[in-house]
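Quick notes on the structure that follows.
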Amino acid sequence: MSTRRSSTRADSTTKRPASPNSTPNAALGIFVAIARQILFIDARKVALFYLAFVTVLSFIESRIELDSTYYLVQKHSVLNQYGVKMGWFWTLVIVGPFIWFSSKAHNRRDRDQPIVDVCRLGVGTACWYFSVQFFHKVLALTSMCDKGRTLTRAQCSEKEGVWTPGYDISGHCFLMIYSILIITEEAIAYRHYQQVTDAVHQMDGDREEHDRLTRCIQYFFVAMLFLHAFWFKQIIISVLYYHIFIEEILGAVAAVVCWFVTYRMLYPAGFLASPIRRTVGRK
């Protein structure tokens with residue numbers, strides 16, 4: 001009898017209370033499951049889809065005149081002013097923390113690796129900035145005034161000339177598709193996250209911190225799903241209501257080129273590091 005009591009006490013002392021962060025959250029679990037279905041699609045397929053999608057929508061726009069009086073499709077709408085125009089900001093504040101926390105979980109003993117991984121967003125920011133500057137340069141070079149080719153738009157207006165706008169490559173289309181491709185590439189860190197990090201943290205022991213980190217990663221993973229969905233909707237509006245066929249296509253192609261050069265050429269070649277693709281067998 002005493003032996004049974006002592007063994008019961010021993011068992012009770014070895015059991016640790018469950019971490020509040022490990023408590024199942026049904027709503028979060030549903031969104032994580034949906035996000036896995038969308039964000040784990042191969043980036044090459046995503047790139048091809050959006051190239052085809054923009055092409056088809058641009059063709060439709062060139063054949064059909066759409067009603068542009070709806071509030072949500074106007075440039076001064078809240079979603080355009082604080083969503084699309086601040087698009088790269090939202091990419092940084094959502095994808096950045098996901099990369100950071102995922103890298104911390106995967107590389108628990110390497111404090112420098114999260115910094116290296118986040119630097120990929122720095123490269124993406126440079127690609128976005130210089131691409132947009134290039135688009136502006138193309139617009140300036142292809143626009144002209146009938147009073148003189150070297151005149152600016154303001155100077156043309158002063159001379160009462162006729163201003164003919166040039167090719168305004170869609171910076172919004174570029175930004176949104178490039179952001180989607182970055183999200184798709186970086187989301188892969190969560191594919192085998194649970195199996196790999198569980199094995200790592202079983203050795204290190206700090207289960208409560210691991211659960212807290214996991215919950216944080218899941219929130220940003222779901223946030224990337226919502227950002228992807230928002231970009232999808234805004235791409236439709238941008239293509240159907242703004243720019244012309246060639247401007248939208250060039251914006252989409254530029255986004256795919258930037259993604260391919262960075263994620264499929266530079267990172268695999270050793271420039272910084274590719275997104276985390278570890279499996280249980282590769283720790």
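Placed from the backbone N, Cα and C atoms, the Cβ positions cover glycine too.
The Cβ of His172 (active site) lies under 8 Å from the Cβ of Val84, Gly87, Gln234, Ser238, Tyr242, Gly251, each of these being in the same chain and 6 or more residues away along the sequence. Annotation comment: Swiss-Prot describes His172 (among others) as active site, evidence class sequence analysis.
For His243 (among others), the entry in Swiss-Prot reads active site. Long-range Cβ proximity for His243 (active site), meaning a same-chain Cβ under 8 A and a gap of 6 or more residues, is found for Asp168, Ser170, Cys173, Gly251.
The region 'Disordered' annotation in Swiss-Prot covers 1-21.
As annotated by Swiss-Prot, topological domain 'Cytoplasmic' applies to 1-39 (among others).
Swiss-Prot lists 61-81 (among others) with the feature topological domain 'Lumenal'. Counting residues 6+ beyond its ends, the topological domain 'Lumenal' (61-81) has Cβ neighbours under 8 Å at 230, 234, 237, 239-241, 244-245 in the same chain.
The annotation topological domain 'Cytoplasmic' is assigned in Swiss-Prot to 103-120 (among others).
Using a Cβ-Cβ cut-off under 8 Å and counting only residues 6 or more beyond its ends in the same chain, the topological domain 'Lumenal' (142-168) has close neighbours at 135, 243, 246-247, 250. Residues or ranges marked as topological domain 'Lumenal' by Swiss-Prot: 142-168 (among others).
Look at Swiss-Prot and you will find 190-219 (among others) tagged as topological domain 'Cytoplasmic'.
The topological domain 'Cytoplasmic' feature in Swiss-Prot is assigned to 262-283 (among others); the stated evidence is a curator's inference.
As annotated by Swiss-Prot, transmembrane segment applies to 40-60 (among others).
The annotation transmembrane segment is assigned in Swiss-Prot to 82-102 (among others). If you look at the transmembrane segment (82-102), the same-chain residues 6 or more away from its ends with a CB under 8 A from one of its CBs are 114, 117-118, 120-121, 124-125, 128, 172, 175-176, 179, 182-183, 186-187, 189-190, 193, 213, 216-217, 220-221, 223-224, 227, 230-231, 234, 238, 275-276.
Residues or ranges marked as transmembrane segment by Swiss-Prot on the basis of sequence analysis: 121-141 (among others).
The feature transmembrane segment is assigned by Swiss-Prot to 169-189 (among others). Taking Cβ pairs closer than 8 Å, the transmembrane segment (169-189) reaches residues 35, 39-41, 43, 46-47, 50, 54, 84, 87-88, 91, 95, 98-99, 102-103, 106, 120-121, 124, 127-128, 131-132, 135, 138-139, 221, 224, 227-228, 231-232, 234-235, 238-239, 242-243, 247-248, 250-252, 254-256, 258-259, 263, 275-277 in its own chain, all 6 or more past its ends.
According to Swiss-Prot, the feature transmembrane segment maps to 220-240 (among others), an assignment based on sequence analysis.
The feature transmembrane segment is assigned by Swiss-Prot to 241-261 (among others), with sequence analysis given as support. Residues of the same chain lying 6 or more positions beyond the ends of the transmembrane segment (241-261) and with a Cβ under 8 Å from any Cβ of it are 43, 47, 50-51, 54-55, 57-59, 61-62, 66, 68, 73, 124, 127-128, 131, 135, 167-178, 181-182, 185.
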